[in-house]
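Notes for the one structure printed next.
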């Protein structure tokens, strides 16, 4: 596995050298930053709900969105979805997720084949027995015809059973057999690489192929992608499948992908969270962004630093203010990205007592240190390391929000550019 040192912001890290792939104009791999993507959970045949969810995911920051294409009605809806999104100003690339009958759907619906930016193929269910290679080739030939990239996406839950059985039998015949887990990992990697080689033999360029090998256990994911990275230079899509709900899914995905990303492995990521009933699908986009930003690989939104609280901070004022500021930033980012270039790098601190509050606030671009229990009820505000104001009274939160807005305008706004 070859690597080069790439520096995004102030955090250099060894980045595995992969072949860049253009997905609807978004570059995955090569020297491009790690791309955030997501997937809808709507019925794709329902154009209205799918358009609404894709638009929400795109507004949240998803740079590629995958949609299910599982039947004729779904395939027929894809060009309508693409057209509607473009009218709404959402030019996000759409990826078609195909299983079992993708070859037939692409052949029967050429407008769908044209509207999609990428096709996802699962080697484990693209076809069975003597039909497998033919149906895989049909999709690859469609990709060549329409000049589209493909993701060869292996999933341990639908792994090619013939390949797995062959490797299990071969392993059993050897004197010092590997564990069943090791054979499973090898089968996943081989399935991806064999399929990629076949696609290239058919005529699809390596700059049109992305690989993924998804499992549900953290150590398996680390092992499988390390093997893939060592044995190919294809662009890699990272994702922990069936990660779960809530904090479990967030922690598992972040643990696995954080280790791989730190090693320079991974060109695009998706955080696969099981949404709670009525939950917000865009949560997975936010988590992916925060993972990359926390590790210093990309910047998406200003991050608010806030202390966790202790016995000195019995008041909830600083917690409420930190939440308000973070929510306000998230809500305004679609506008701010256009109006204030570079605002993603802003750092804000909302601290709760005198112990670390002033110091942390000085380290941020703009910070506030609220009083802890028994401390003087005055609130110093620091801008670029210097104390600029002391707030008092019931309007502290509103006053600080205005100061943050003014700081953004003065530092990142048009007036600053004209003055310079």
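Each residue, glycine too, has its Cβ placed from N, Cα and C.
Database features (Swiss-Prot):
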- 307, 310, 353, 360: [4Fe-4S] cluster binding site (BINDING)
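Location within the structure of each feature annotated in Swiss-Prot.
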residue : record                        : DSSP (3 states)
307     : [4Fe-4S] cluster binding site : coil
353     : [4Fe-4S] cluster binding site : coil
360     : [4Fe-4S] cluster binding site : helix
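Neighbouring residues of the recorded [4Fe-4S] cluster site, listed in sequence order and excluding 307, 310, 353, 360, comprise 308, 309, 312, 313, 318, 351, 352, 355, 356, 357, 372 (Cβ within 8 Å of the Cβ centroid). Within the set of binding-site residues (307, 310, 353), the lowest number of other Cβ atoms found within 10 Å of a Cβ is recorded at 310.
Around residue 360 ([4Fe-4S] cluster binding site), a 10 Å sphere centred on its CB holds 18 further CB atoms from the protein chains shown.
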